[in-house]
Amino acid sequence: MATFLGINLFGLFGQLLVGLINGSFYALLSLGLAIIFGLLKIINFAQGAMYMLGAFAAWLALQYLGLNYWAALVVVPLAVGLVGVLMERFLIRPIANEDHLYSLLLTFGVALMLQGVFTHMYGSSGLSYSIPEALSGGTKLPFMYLPDYRAWIICASVVVCGLTWWMIEKTKLGAYLRAGTENPQLMQAFGINVPLIVTLTFGFGVGLAGLAGVMAAPIYSVSPDMGSNLLIVVFAIVVIGGMGSIGGAILTGLAMGVIEGLTKYFYPEASNTVIFLVMVIVLLLKPAGLFGKEA
Amino acid sequence: MMKINKLYVALLLLAIVAPFFLYPVFLAKLLCFALFACAFNLMLGYVGLLSFGHAAFLGTGGYVTGWLMMNSGLTPELAILLGTVAAGALGAIYGKLSVKREGIYFAMVTLALSQLVFFVYLQAPFTGGEDGMQGVSRGHLFGVIDLADNINMYYFVLAIFLFGFWLIHRTIHSPFGQVLKAIRENEPRATSLGYNVNDYKWVAFTLSAALAGLAGSTKTLVFQLASLTDVHWHMSGEVVLMTLVGGVGTILGPVVGAGVIVTMQNYLSGGELGNYVHIIMGFIFVLCVLAFRSGIVGEFQKMWKRNFG
């Protein structure tokens, strides 16, 4: 057994890996929330339900359409994104001028309904989705065994987050998006179709949750409440990072996953609560969040 | 004003005779949730802050009272008092942390903090974990009145509810309540008038938490059970729904909303539609937000004003 200063390195690296995996999902979900918040100024409470929807869609596609993991990885986020587009267009837009708390409550209602429907149809015990063949192996590293699928999740999440960051911060499309956040009226006056951008942005943010859902299906059990429990943690992460920057959402998500993993190794009793405790500390020291602007 | 007073008297009479026609435990449950919703509405309706974590206070009151009844030999009124104080203390701490943030952030902070409480109660040895505390005795009120009798229990709950309702009514119509409303309407202006806005929010939050704890403490005695359901985020969502259905920012709205939702749940859970409870609740949420934002009492008031005002 490899130990260093009394620390079991196998255990430590194992938990670090689990932490990085969780962090990958945190990053994807909080990134989606941050993008939606940036333009619409609302928090999508249904983001967790959309993640769950993504996982179920992957499972259903395999079961009934014979669509494999790789196809699902492309099709499902688009389908979930489409659900988001419809939701924005027909449910959120009519109340866009009301207090934003109402849209929060609306998306909460949608989340309850989706969760209820899937609980009713598939029970709450959870379904299993097998790891795609190409990624079922693993690599032996000096201190740990790294399953391919887990390595894939971390890489895919980092690439997707990085691309999204690049698109928003560095491209012309992203510039429109940021301008729309700053001053929608002026953008409209310049002839940009702002409502369309808003709808598509919402769809994109929700699609990210769908993608996370597909990626999660093989390693977590596909169950109706997989999203809601995760979402509350992601909310805490959003409070920790603040909604100031896209990059901040990604970094905080990954970092919190790692912190959670480390806690699981050193003091397992606190692993469920450590992120909330970090949130408390951040609220005490820097109420606007690590990357947030003082509001 | 006279009309309103007549309405209150009529409602009070109704509440006094109700246990002779309906099952007292159901009525007591209804009153507990009505008080819970009123406490929540103090924040949403009169300060304009949406707390998504009020289940933490309901549950804390419930667990503390339950533990005291099982382990300390205190009389029920003292156990309830201490449960309320515990919830208020937790509310004071959480309030300090959460009133720093506004709007959507406030909702997220309160939700996250209540999830923290959930995990603590899940793991803490004294709560009984997943099973909860079962078989909590109701005891004798002031050491004399046997609360095992459902009718006695009901009138005790009614007295507690009336006290809570009165306190909220007094708070809203006090100078303190006026400042709260000013903060809701225009916070920068309230600040510029020299009010320390965060302190006002904090006091309101603490009071709201204590009253939610009172509701939870009482509920534990009624059902002789304290469980994780009470601290789950579903419960926080339910109280939002009750208030929304009844009418945010109206004094009777939460009572009506609690009545509607609790009756609906009772009715559904017995029948074939039991599995659909969450779907139906979600649907009501969406419907209320899209078409019915003033709630039952709010819409009724509007109608009243149009026709008789």
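Residue numbering: from 1, along the chain as shown.
Even glycines carry a Cβ here, placed using N, Cα and C.
Summarising the annotation, TrEMBL assigns transmembrane segment to A:12-37 (among others).
What TrEMBL lists as transmembrane segment is A:72-92 (among others).
Residues or ranges marked as transmembrane segment in TrEMBL: A:104-123 (among others).
According to TrEMBL, the transmembrane segment annotation covers A:149-168 (among others). Within the same chain, residues 17, 20-21, 24-25, 27-28, 31, 35, 131-132, 135-136, 139, 174, 177-178, 208, 211-212, 215, 218-219, 246-247, 250 sit at least 6 positions outside the transmembrane segment (A:149-168) and bring their C-beta atoms closer than 8 Å to a C-beta of that stretch.
What TrEMBL records for A:189-220 (among others) is transmembrane segment. Long-range neighbours of the transmembrane segment (A:189-220) within the same chain, counting only residues 6 or more positions beyond its ends whose Cβ lies under 8 Å from a Cβ of the stretch, are 21, 24-25, 28-29, 31-33, 35-36, 38-40, 44, 46-48, 50-59, 69, 72-73, 76-85, 87-89, 92-93, 129-132, 149-150, 153, 156-157, 160, 164, 176-177, 179-180, 226-227.
The transmembrane segment feature in TrEMBL is assigned to A:232-259 (among others).
Cβ atoms under 8 Å from those of the transmembrane segment (A:266-285) belong to residues 233, 236-237, 239-240, 256, 259-260 of the same chain, restricted to positions at least 6 beyond its ends. The transmembrane segment annotation in TrEMBL covers A:266-285 (among others).
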Report summary line: When counting C-beta pairs under 8 angstroms to the transmembrane segment (A:12-37), the leading stretch of A:72-92, A:104-123, A:232-259 is A:232-259
Query raised in the report: Near the transmembrane segment (A:72-92), which residues from the same chain, at least 6 beyond its ends, have a CB less than 8 A from one of its CBs?
Result: 40, 42, 46, 50, 53-54, 57-58, 61-62, 103, 106-107, 110, 198-200, 202-211, 213-215
